[in-house]
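Working notes for the structure below.
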């Protein structure tokens, strides 16, 4: 008899991926997030898991290293952070949760167990909504239900030196607080997964409880998935969004293949855990090799008792949630397009930004209020554009944090600057020069007080020429035209065939007038001189 | 106690050590420390000045090794002192050395130590067991080389050796003495205990150690201590209501022990104390509950000994047949391995809602039953106290008297089940965290101890009752 074997698990992801309607994907997520509390979960050592590169095993107390005779001491800040998240997700906070021990041996697990919450987790239920408008999923809206939130310890880190047949262990991360959030299997396409991760990342950043970065491992995502309700496969070791997406695609195709070949009873009969090696999902554990964690309530740590009032207090102290802010910004009086509203609300990454989202949003809202008073609501788009493009652009270029810039250019000064432009008291070009100049001086600490805009405008002679001398303008334009060596260009403008060349001439005029004459005036004058009637 | 007296005691240490194997390591600066304390006039006022003590070797000390009498921690030096070690030092006590024990506190004979069994000083030359697990601490007191010794009591480890050596062994209420630095065997039971021949010494030492400690989450905090003060009797009662639990009078107890117990009852009755028969039917579950919970906690607590960060590590391999750290953990003694296996069995997920959780529920029921017979409220459970309840309970400390080491190691007690039965009188108080002291019934060569047990937090009543017996 002929036999042929297929090696499931070694098939590259196809370029063109699509979900097939007869093979239904069902996914749930399990997300671990490091809380950026000052101290670790059960000790007073500094919570700085990223110090490892320079100083391994530096932020470790006797307890973190499991020195005999030491005991855990619960960090209440972690409880506060967890409460913030639970409340933001509408989860029901367990007013008396408990810590349990989960046993397994590993080199970077100093106690021989992890302290987690198994029998009575911190919060249950809750949900997060994804919408087409805000999160760009294909459906109008999709509610992702949350099963539970639990607080637990992170492990240390193993660094494998295969060549030397050695692993190095760094316990800086050991006992760092984590919150594990588990969703129900509500996802059925990839966009939903991607959007949820992004939204959840932004939420923890917004709440100020985590950097939310996948790259550093501050956030780690496991995916539970099944196809056509076959057995569940758990995907682990997914370091970033693209590997999450690739792993789900690969695993979907692998399972579809198995189903198509009628091999479900042998290959998809039992739940298994698979990892991602960059090209394929590979089996890590199946039922036979499952670890029995021998859960046990921790005999030393007391129950975490919270009062209803404490939870209500946390609820009241929460900042407005991002979806709500976006909706507000897109409505009257701001009327921002989604893209701009998101820039003002959603933190693209947890760090390497010159501002926190709250700083930026507050700055914008305050500037908006003051600007509208001076310039009216109609031209508010100008303020938005200047905030998002000019201001942020300059901050990034200069590596200048917003909070520093605000000292020199507080909202009322910024609003004043934009109002001056709007009222054509200075030209757009002068405004740009001025803004850059102010920020550059701030960066170099040459200005430290709120700037006196009028004085600077005066100093640089930037105020727009109020009434332009007609003769003077004609003279400047003639001069520019006489210096043009390409007569074809001029005739092209006259005939209207080379309309863009006119812009070149206007640019020359702006330079000659140091931007103090509005471009429109130059445009009109050149057209007149060249008899261009278009 | 005088300095001269203390120094002469120190002089006897080497001989006692040679004869009874009391210590795992000795403090060679003890004499110097005594003299230094004495010279410093101001410090002479300290409550434990000129007192010598011994510390069980499962309590962390910076200056001497902390081995738990286990090969796995042979030569291990703790980077810090346990809270109680600091308190004793500050009070002027001088530590003579670390004392032998059943490895990690697991055992009732004092025989299961990596450093060999401790021998009972009451029977020189006869190689009799001391009882465990605080065997060396009991022996040090019995041999008169220290004024007091610190032990730990998980299921009777202070009271049983005290009974076998005719000394006082006090297990305070759980949570009164900090466990920070006490190496956990089963920390929902582990209690630091004080052993001495003098009740006044025990009271003095207890006063020094009875402090809150933010480093130990199970140590009573200040607010609980304040609450405790509000429910405790303002004045010590001169006439006590004493309960004798029916369940503590099983058959098979040696007639000599029963006789001594009854003579104590008569002695107390003659002093005007009243006796009441009581029943605590849940006591019969004590051993199964204890031997479900304690080994489970032990299996968990001992998971840290993998040799990676401290302690002994197998020189060649970190795993055997894919079992991580098996070669290193091979270094545990047999009794410890037995209890780790038992503990893991109890925790395994095969049993729906594992045995541990069930046993915990039964433990709560037992505590409720104790609450129902005591007159005093219990601040931990919120029990209001029984108006017609008793002040203390009285029972024997052990079902037997000490045997020879060879008999203990080869006889029926070698069977774990039999040796565990020995704990029947001591485990109920451990399960409920009750203050209990074992008091000798006489000075004879047949050591038999009786236990006085009080309601949770009522340690003073228990200690004060001793004077009517001892």
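Glycine residues also receive a Cβ, built from the backbone N, Cα and C atoms like all the rest.
The domain 'Amidase' feature in TrEMBL is assigned to B:11-463. Per TrEMBL, active site, charge relay system is recorded for B:56, B:133. Per TrEMBL, active site, acyl-ester intermediate is recorded for B:157.
Features per TrEMBL, on structure.
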residue : record                               : Cβ neighbours (10 Å)
B:56    : active site, charge relay system     : 32
B:133   : active site, charge relay system     : 37
B:157   : active site, acyl-ester intermediate : 37
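The two recorded residues residue B:56 (active site, charge relay system) and residue B:157 (active site, acyl-ester intermediate) have their Cα atoms spaced 11 Å from each other.
In the three-state DSSP reading, residue B:133 (active site, charge relay system) counts as coil. Rounded to a whole number, the C-alpha distance linking residue B:133 (active site, charge relay system) with the residue listed as 'active site, acyl-ester intermediate' is 5 angstrom. Confidence over the domain 'Amidase' (B:11-463), given as mean pLDDT on the 0 to 100 scale, stands at 93.
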